Amino acid sequence: MTTSTLQAPTRGWFDVLDDWLKRDRFVFVGWSGLLLFPTAYLAIGGWLTGTTFVTSWYTHGLASSYLEGANFLTAAVSTPADAMGHSLLLLWGPESQGDFIRWCQLGGLWAFVALHGAFALIGFMLRQFEISRLVGIRPYNAIAFSGPIAVFVSVFLIYPLGQSSWFFAPSFGVAAIFRFLLFLQGFHNWTLNPFHMMGVAGILGGALLSAIHGVTVENTLYEDGEQANTFKAFDTTQEEETYSMVTANRFWSQIFGIAFSNKRWLHFFMLFVPVMGLWTSSIGIIGLALNLRAYDFVSQEVRAAEDPEFETFYTKNILLNEGLRAWMAPVDQPHENFVFPEEVLPRGNAL
């Protein structure tokens, strides 16, 4: 008589780590968490440190921290000095040579926040891929999140890479972002760029679709309970629909003459519109990085220059852009020591 014993296969360290990372817990970690959590922690921590303590006097000639008297709307982690070019500004690099205070003064925190922030966003998208696979659903959440990632990377990384230095990227702050928007308008005529137009249409169109969808569902909820409001009548385990798609279709058919009759197509459209808006605006920013022009109506500018009585909204905007450049550049780029004589400052028919 012979007996045999089956030994359990030995599990390597990778399998043990894989099980631990994917364990069911309140906050899922996963393999993506190894990228997401450290980089997000460092990016947010760097931003809080910069807005609290670090001045922008040496890079922009500005006060930008709570310590100097700025508030939540005016504080920022400012871009590095123009002289730094596209240096990664590593703490141990030749610019700072391990001196933390000097590193902060040169704008090293901005490079730190931008780099770790980009990897944190990528980690968050990978997190959505990972959880989608584990739960057994399609990865459209992650695909949609590529929109914000495209905007962040194009605005904060690709645009300044196309310009002379990181200095021309947006600083991380509310008022600082507004300054960057004015800069894009004055130097690139951004609002007339077709990719900006598509971006606006996508974002506002997505908001409109979301509002229409929300009110339509609320309007067509089944009266299926005796409670004071319809929310309490909902049961997460109910098998039947909670609203009437047929009634919604009938309503919008009467309003517009057309309506969605397919829920899957409807929700894909709600996904597609805002994400395409983010993607197209990102493409436009890449164009600005290369200083590409869009919609220069030179014939109107020439006629306006020759005829004092001829002016269009376009020519008026061109004059406003000239004003932005002329009055903004000396303050925005103090290191250039710009001095514009009075006779070159823009004057239009209405200015």
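Yeah, the Cβs are placed from backbone N, Cα and C, and that goes for glycine too.
According to Swiss-Prot, the protein has these features:
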TRANSMEM  39-59  transmembrane segment
BINDING   His116  chlorophyll a ChlzD2 binding site
TRANSMEM  123-139  transmembrane segment
BINDING   Gln128, Asn141  pheophytin a binding site
TRANSMEM  151-164  transmembrane segment
BINDING   His196  chlorophyll a PD2 binding site
TRANSMEM  206-226  transmembrane segment
BINDING   His213, Phe260  plastoquinone binding site
BINDING   His213, His267  Fe cation binding site
TRANSMEM  277-293  transmembrane segment
Intrachain C-beta neighbours of Asn141 (pheophytin a binding site), sequence separation six or more, cut-off 8 angstroms: Gln128, Ser132
Gln128 (pheophytin a binding site): tally of other CB atoms within 10 A of its CB: 17
Residues of the parent chain within Cβ reach of the transmembrane segment (123-139), under 8 Å, 6 or more residues beyond its termini: 22, 28, 30-33, 35-37, 39-40, 145-146, 149
Inter-residue C-alpha distance, Phe260 (plastoquinone binding site) and His267 (Fe cation binding site) (nearest angstrom): 10
Among His116, His267, the most crowded of the binding-site residues [Cβ within 10 Å]: His116
Nearest recorded site to His213 (plastoquinone binding site) by CA-CA distance, among binding-site residues His116, His196, His267: His267
Separation of alpha carbons, the residue listed as 'chlorophyll a PD2 binding site' and His267 (Fe cation binding site) (Å): 24
Local backbone state of His213 (plastoquinone binding site), from DSSP in three classes: helix
Entry from the binding-site residues list His196, Phe260 having the most other CB atoms no farther than 10 A: His196
Inter-residue Cα distance where the pair is His116 (chlorophyll a ChlzD2 binding site) and the residue listed as 'chlorophyll a PD2 binding site', in Å: 27
